[in-house]
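Only one structure is covered here, and it is reproduced in the block below.
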Amino acid sequence: MVTILDRTSSDEKRIRHPEKAHRPDTEVMRKPEWIRVKAPTSKGYHETRELVRSHKLVTVCEEAGCPNIGECWEKKHATFMIMGEICTRACAFCNVATGKPNALDMDEPENVAKAVKQMGLSHVVITSVDRDDLADGGAEHFEKVIWAIRAASPTTTIEILTPDFLKKPGALERVVAAKPDVFNHNMETVPGNYLTVRPGARYFHSVRLLQRVKELDPTMFTKSGIMVGLGEERNEVLQLMDDLRSADVDFLTIGQYLQPTRKHHKVEAFVTPEEFKSYETVAYAKGFLMVSSSPLTRSSHHAGDDFERLRAAREKKLLAAAE
């Protein structure tokens with residue numbers, strides 16, 4: 001049995017995933033060669049780590065145990081996770097801690113903005129834990145963070161990766177009105193897996209949320225991502241692509257699910273690089289402007305470069321339509 005502890009102060013510890021403690025340990029499959037990464041050791045990685053600590057910020061890179069943290073932090077790229085490090089949901093795939101969240105940090109918007117400016121970021125990704133305890137799901141806080149970044153770094157493009165704002169009327173509208181450049185909301189997996197993988201969410205609510213973004217602002221880029229290796233069938237992935245295209249989603253990411261601990265959902269399969277390439281080909285054929293599909297693809301991986309490619313793809317499409 002594996003117990004994961006978080007240190008919340010110099011002498012206090014808490015169990016990171018208390019809701020998973022009763023679960024039997026699951027089998028951990030050996031990773032194939034194509035999924036392995038080196039431990040981060042670079043100077044740039046440590047500088048980014050110190051900057052994050054100095055501004056008292058949380059990153060999804062650390063909290064979710066992202067395998068790309070060494071590469072991204074070496075380049076001084078980071079995805080900031082706002083509204084704390086404790087989530088009100090308990091998804092079976094996720095390494096973020098579950099529990100009763102703390103009060104919002106009112107200094108966080110300014111602290112994030114200062115870090116963005118200090119790092120000289122041309123593109124930043126802001127995500128959050130789920131905050132079902134808040135009346136607006138944290139929409140106002142997202143808004144304040146976006147505004148603070150705009151004030152501190154006017155040329156920085158902003159990508160947000162949001163929760164689903166389930167049963168939070170008006171929350172989505174407020175976030176879209178703050179005008180992020182990219183609105184990302186991950187589907188995470190195919191609908192048949194939701195009860196076991198993402199039990200607190202609703203598949204078609206998430207599809208509708210992405211569709212609603214385009215209704216509110218047709219010019220805003222929309223993005224979504226899924227993990228594979230959770231027992232899904234290929235035809236289910238293709239149907240999910242169709243559902244996202246029906247919502248006019250621009251950008252799709254597909255990556256390999258990696259099991260954080262033995263208490264999390266097990267990896268049912270390691271999808272080969274060839275199969276990822278096949279998914280990419282099909283997704284482009286279905287009309288996505290941008291597709292990133294590989295074992296180590298994550299929502300925020302290469303986000304800045306991908307945004308430039310996404311913008312260029314839209315311009316190319318508009319020019320072709322005008323001819």
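Placed from the backbone N, Cα and C atoms, the Cβ positions cover glycine too.
As recorded in Swiss-Prot, the features of this protein are as follows:
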- 1-27: region 'Disordered' (REGION)
- Cys61, Cys66, Cys72, Ser300: [4Fe-4S] cluster 1 binding site (BINDING)
- 73-289: domain 'Radical SAM core' (DOMAIN)
- Cys87, Cys91, Cys94: [4Fe-4S] cluster 2 binding site (BINDING)
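A map of Swiss-Prot features onto the structure.
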residue : record                          : DSSP (3 states)
Cys87   : [4Fe-4S] cluster 2 binding site : strand
Cys94   : [4Fe-4S] cluster 2 binding site : coil
Ser300  : [4Fe-4S] cluster 1 binding site : coil
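Taking the C-alpha positions, the distance from Cys94 ([4Fe-4S] cluster 2 binding site) to Ser300 ([4Fe-4S] cluster 1 binding site) comes to 16 Å.
Listed in sequence order, the residues of the same chain lying 6 or more apart from Cys91 ([4Fe-4S] cluster 2 binding site) and placing their CB within less than 8 Å of its CB are Glu188, Val197, Arg198, Pro199, Gly200, Ala201. In this structure, the CA atom of Cys87 ([4Fe-4S] cluster 2 binding site) is 19 Å away from the CA atom of Ser300 ([4Fe-4S] cluster 1 binding site). Every protein chain considered, the tally of other Cβ atoms within 10 Å of the Cβ of Ser300 ([4Fe-4S] cluster 1 binding site) stands at 28. Same-chain residues with CB within 8 A of the center of the Cys87, Cys91, Cys94 CB atoms, the [4Fe-4S] cluster 2 site residues themselves not counted, are Arg89, Ala90, Phe93, Asn95, Val96, Thr98, Val129, Asp130. Confidence annotation: the domain 'Radical SAM core' (73-289) carries a mean pLDDT of 95 in the model.
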